[in-house]
Amino acid sequence: MQDGNFLLSALQPEAGVCSLALPSDLQLDRRGAEGPEAERLRAARVQEQVRARLLQLGQQPRHNGAAEPEPEAETARGTSRGQYHTLQAGFSSRSQGLSGDKTSGFRPIAKPAYSPASWSSRSAVDLSCSRRLSSAHNGGSAFGAAGYGGAQPTPPMPTRPVSFHERGGVGSRADYDTLSLRSLRLGPGGLDDRYSLVSEQLEPAATSTYRAFAYERQASSSSSRAGGLDWPEATEVSPSRTIRAPAVRTLQRFQSSHRSRGVGGAVPGAVLEPVARAPSVRSLSLSLADSGHLPDVHGFNSYGSHRTLQRLSSGFDDIDLPSAVKYLMASDPNLQVLGAAYIQHKCYSDAAAKKQARSLQAVPRLVKLFNHANQEVQRHATGAMRNLIYDNADNKLALVEENGIFELLRTLREQDDELRKNVTGILWNLSSSDHLKDRLARDTLEQLTDLVLSPLSGAGGPPLIQQNASEAEIFYNATGFLRNLSSASQATRQKMRECHGLVDALVTSINHALDAGKCEDKSVENAVCVLRNLSYRLYDEMPPSALQRLEGRGRRDLAGAPPGEVVGCFTPQSRRLRELPLAADALTFAEVSKDPKGLEWLWSPQIVGLYNRLLQRCELNRHTTEAAAGALQNITAGDRRWAGVLSRLALEQERILNPLLDRVRTADHHQLRSLTGLIRNLSRNARNKDEMSTKVVSHLIEKLPGSVGEKSPPAEVLVNIIAVLNNLVVASPIAARDLLYFDGLRKLIFIKKKRDSPDSEKSSRAASSLLANLWQYNKLHRDFRAKGYRKEDFLGP
């Protein structure tokens, strides 16, 4: 068999929390199994207790015709209020009777009184699918000083409306207050056969599985909730206060201030019941007692602050969008906050309101409030802008034209987490517009890296122990912003590669997440996607000096050198000279591996190990593993010498083939594109193709369709699989033998004959080339005929 007969070029390049810990059903069942005798004794004991209690009440002095117990009577009789303990032995649902018998088998417990500062069954959103628990409520610990075992008494506090984050949802509905971050829909982009690029905007489904702490306060609005989100399993929420969205918090503060003045003195023994449901934003309207319309904005300046807040608390039904925009120009910060809060609420998901707000010049007025002296005004102005620009290209452009990027970066320097979350959320929304990406990259990358990425990743300074919930959300927003920018033009990718500290921060954050066991986090997904995009066409776009360093003097140069230029007594065909490129690879490898910085990380041998760890440890987030495989595909693509070096590093040192094949068995079509593309590149550069054939061929044949009824992967995946098989067949008889043994010929002939679409035409041509190469193995012709195949099946049209 002659090597020249092979068509070598045919396929080559391309949880709520409750203060009453109730017994479980299992315990109640066990207590009920005590028998009739125990029931009779218990009933007699209770009757004796009631008789003794009535006798004691008849002996006490009466006040206004009522018997009043002495203050310490309960304690002296041993009937002090008890505390429930979770799943404690001997607990019974019958333990709420009063007993004078201290030796009784149970502890009498009186009905506990609620305190608004204590936990209630409505104190956390029901997010059972993600095991998310609110961790604090009005300053109280989620589990108290004694942990979850008992409810600690808390001093009475004034009531306040329960925010929407503290209400129990219906069923297991998730908190849907995340709309203004849903601007990044990554749709399919153009790919060539060798490279892998994450396209530009995140799909809504891709942004619905945020970490729990990212959901604490993702959105700027507070008036809408919905269910059905895809929450991740087993998320952890660091201890923090329950967060309410700005508009709800502001409007409820106005109402609480009014209600607290209407409450009389404290009544001994009174029980303050928590509000079961927070009033809606619409119920907190602005109205005046003596008029049916809103007065001029400047008229409010003559009111004292106390009187203003009293009037503001009456409701929100009479305010409209034009009035809210006018409030933005008021001198009273309370009115500015109210105006921004209304705009934020109104523009949550109302496209008409966003258009009306732009026509009323709300955008420039909000921009002027980004750096207001009052931080509450800043928070609500940025929150309103975040909703205003969501899914509205005109409002995004208006923000940029009003010098909004400069003002946002000034605001980003404020050490207030709420502000920084809003600013990074606005930047993320802006980055979904293709025509703004280049300008955003030019104006924001350096400051965003210095102010957010480097400090929160621990790169270039003292290592970061752990991000709190707010810092994690800020970092997540920032990496989402970079993810969108990285899918823009070549110039934007190059600017991101050259931005000092950006790549270092991303690599450091991924390493920290792997060490902490948090590789499923969405910020890790964003970071890996950015690295994948920055690796796209890397060898064509990298600095020439770096490329020359990586290329060195390769095998091609040595093989093509004239005999007179060969130093020493070795001819170009000698074994010694053939070993020189391997020595050059090792020398360049050791040199490049030393302390990579900046864009050097993109082609460093250390990055291969990082991607391999992600492929092996990340089990739930398929987007992360897809991005890691895509990044490896990019840096092993093409005919460059360094692509071959990294391919052999992945195969021989990182042992990446088995993790890849494990992924191929269960991967969806999106993952298969990256995985098969990577295996295709590895098969071209593998030194031992016989060993690779033994591991790969049978797994890939399983993915090929063999009949019309069988489910087939996309044409791009089929082409990648056939290309891998072709790379192995032309160099390894074992691959050809395994194709016959594992019924690969039948599937290849089926693919070859199926030409019912342009995509199937591509896979058909690939199958034809592979079959033609298989026929070159003369020793297998007898086996082919024994299986019922003829020459026309291999070489025919």
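Cβ coordinates are placed from backbone N, Cα and C, and glycine is handled just like the others.
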Annotation match for omega-N-methylarginine in Swiss-Prot, from Arg81, Arg420, Arg553, Arg755: Arg81
Ser92, Ser302, Ser313, Ser489 - residue that Swiss-Prot labels as phosphoserine: Ser313
C-beta crowding around Ser331 (phosphoserine), within 10 angstroms: 10
